[in-house]
Amino acid sequence: MEGSKTSSSTMQVSFVCQRCSQPLKLDTSFKILDRVTIQELTAPLLATAQLKPGETQEEEANSGEEPFIETRQDGVSRRFIPPARMMSTESANSFTLIGEASDGGTMENLSRRLKVTGDLFDIMSGQTDVDHPLCEECTDTLLDQLDTQLNVTENECQNYKRCLEILEQMNEDDSEQLGLELKELALEEERLIQELEDVEKNRKIVAENLEKVQAEAERLDQEEAQYQREYSEFKRQQLELDDELKSVENQMRYAQMQLDKLKKTNVFNATFHIWHSGQFGTINNFRLGRLPSVPVEWNEINAAWGQTVLLLHALANKMGLKFQRYRLVPYGNHSYLESLTDKSKELPLYCSGGLRFFWDNKFDHAMVAFLDCVQQFKEEVEKGETRFCLPYRMDVEKGKIEDTGGSGGSYSIKTQFNSEEQWTKALKFMLTNLKWGLAWVSSQFYNK
């Protein structure tokens, strides 16, 4: 409630408001308190608070002669309470007045004054429900509240007075009637109390049922939350499975499209592309033959022969044809024919050129043997298709191919004692016959 601040040789004491805690500056009158002022400040609100028990009874007896005094026209009864200063001045709350010290306010006088002021505020706080000291604003607020309470109390007093007047006007009959009504009301009260007890019992039962229902509702909420989590998980899995299903369906559609495309694709035509490049017949862009003006590398010629052997071997397997006298062995650019009469005899369909090429006739024998296999393929096709005819007739014994539709000349498939131009043309005619055979096999076995 009080604080202190030390500065050099003096001490300034300040108090704070007990409501807003703001620092207060005390009025100068606190420095010159006399005995009467102190008694007025410390006196209780009611005079009976200072009386002894015997004196209180005597006061009450004396006051019974004139309990109410009409002082205003508003009908409010008031009792006169003598002020505390009219009572004995020798009370426990008396103070010893402190004057100014001769030395201008020593620390001892300041401490005594602080103690007197603090005790004064404590006594004032003990006499009422309000703690002291208060600032001016809080005091105004407190006064407003007290005025409001006073108005409410005055209104209550007026209401009590009106009720008293009504009671005084009632006669004895009304009293008897009121007694009967009172008994009826007492019975009604007992009945209502019984109903209240029944309602209370029902309330307890309902409260127990409510607790059970709330527990069940909480359990259902937990189950609902669990079901919601499971539903969300299943929904996520469903979405993932839907995505996978759509992906699989797209893959199936793509695979079906590729399958339909493959079904429509001629495997032989796609694998073996026979065409021509100038005077050369080509298979898969490999030229078969050579000219003085265009010396094709033997590696390319050997690769073309490898593709040609592979084509005839595939056509024969498709038809189920077994060649007589020779067996085709596709082996890339080192393909050859194997003699069935002499297993150790191999006829190579590849050559490296050089001087050995002119004296070694195995390459020529291999090309004639291959022409024999083409002739066997033609004869096998003619057994089932009499109208089938190749554009160039082949003479296996001489190893030549005749240009029946053109000049009518014959061209040897051998290299010895033959020009490169005629050899290249014979190979071109042979590839043309194979192209016709490939087209026939594709037409016959396309849907098989």
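Count begins at 1; order follows the chain as displayed.
Every residue, even glycine, has its Cβ placed from backbone N, Cα and C.
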- Note on the structure: Which range is region 'Interaction with BCL2' per Swiss-Prot? Of 110-157, 158-205, it is 110-157
- Message: Suppose you had to name the range Swiss-Prot annotates as motif 'BH3'; which of 6-25, 86-105, 106-125, 206-225 would you pick?
- Response: 106-125
- Message: Return the count of C-beta atoms lying within 10 angstroms of the C-beta of SER29 (phosphoserine), excluding that atom itself.
- Response: 9
- Take the motif 'BH3' (106-125) and count its residues per DSSP category (helix H/G/I, strand E/B, coil), listing them in that order. 19 helix, 0 strand, 1 coil
